[in-house]
């Protein structure tokens, strides 16, 4: 029986939702992760520092008594966002990043940015104070194929943004393509990139081959196998600009299993077990800690966690949690399509 002890990991891209779903899922992240960057795409979105403070209180109230989990709050960038409010939130220690959603790119992004020029005054302030911009990197131009939207975003939006504001610290969130990996590698230390658990495991065949599988549908959508392999190479490389952002995104099953299903994969309960499998498969268990526990804090200029966790590998496959109940309904947990042998020890 094999064990691996690492610093406690963090999740640099997490959806906890609100209300009954928040109550049902929060502990699944808190069980393994010390901190998480919390996405602000609620309805209505988390736009102001006051909104973020209130949401943080709701998250803390959803955790078990004595939980040490720390939600790291973000603001949703709109064309009417107030630079002074954002700076005040950052100076107070509450706000750790601002999230750019191109309008219509993903779940609850209708209030996002349609014209990047309109938010440059805010971006300039963020660059000045050192506040990171987390970017959902897809164009929403209907003429662009869904599988090309990340590459086109890099060309149309990210490259001009980098030229105009090279001092702005940017996180390319949930990169899904070799184009994204290569762009991140070509940039200086002001650019980092998160990679999700599921994009290391599935390609687009998982969604489309042999029938529609809605629980593998997410945005950005999984791409072809060559891109998945590029993501794996980046994640296991030890390169400091790549770090874990699970993009765990719960939706109730009826909202996934329908004619027009929601995008999102709920992987919080089994992420660390899945990642241990991936890194073991790649002969890179010695670099799992860098990806999950060291690179993200370094980019966000936070200390790594002092606490350690131990992962244990069992000879026989372990039973995996399949569903999380939310009242009379349920959320399906990500199925990696391989037997789970690793477990975070209590």
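Using N, Cα and C of the backbone, Cβ positions are placed for all residues, glycine too.
Fair warning: this is a prediction, and the values are worked out from it, not measured in the lab.
Counting only same-chain residues at least 6 apart in sequence, those with a Cβ under 8 Å from the Cβ of residue 247 (active site) are 13, 14, 15, 173, 174, 194, 196, 198, 218, 264, 265, 267. Feature annotation from Swiss-Prot assigns active site to 247; the stated evidence is sequence analysis.
Taken from Swiss-Prot, the feature Zn(2+) 1 binding site applies to 13, 15, 99, 247, supported by sequence analysis. A strand conformation is recorded for residue 99 (Zn(2+) 1 binding site) in the three-state DSSP classification. Neighbours of residue 99 (Zn(2+) 1 binding site), defined as other CB atoms within 10 A of its CB across all chains, total 25.
Per Swiss-Prot, substrate binding site is recorded for 15, 16, 17, 41, 136, 219, 251, 263, and the stated evidence type is sequence analysis. Counted within 10 Å of its Cβ, the other Cβ atoms near residue 251 (substrate binding site) come to 23, all protein chains included.
The DSSP secondary structure for residue 136 (substrate binding site) is coil. The Zn(2+) 2 binding site feature in Swiss-Prot is assigned to 99, 136, 174; the stated evidence is sequence analysis.
The N6-carboxylysine annotation in Swiss-Prot covers 99, and the record cites sequence analysis as its basis.
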13, 15, 99, 247 excluded, remaining Cβ within 8 Å of their centroid (Zn(2+) 1): 14, 37, 39, 41, 134, 173, 174, 245, 249
Fewest other Cβ within 10 angstroms of its own Cβ, chosen from the binding-site residues 13, 17, 174: 17
Whole-number Å value for how far residue 99 (Zn(2+) 1 binding site) lies from residue 219 (substrate binding site) (Cα to Cα): 15
Binding-site residues near residue 99 (Zn(2+) 1 binding site) (Cα-Cα within 10 Å), from 16, 17, 41, 251, 263: 41
Cβ neighbour count within 10 Å of residue 15 (Zn(2+) 1 binding site): 25
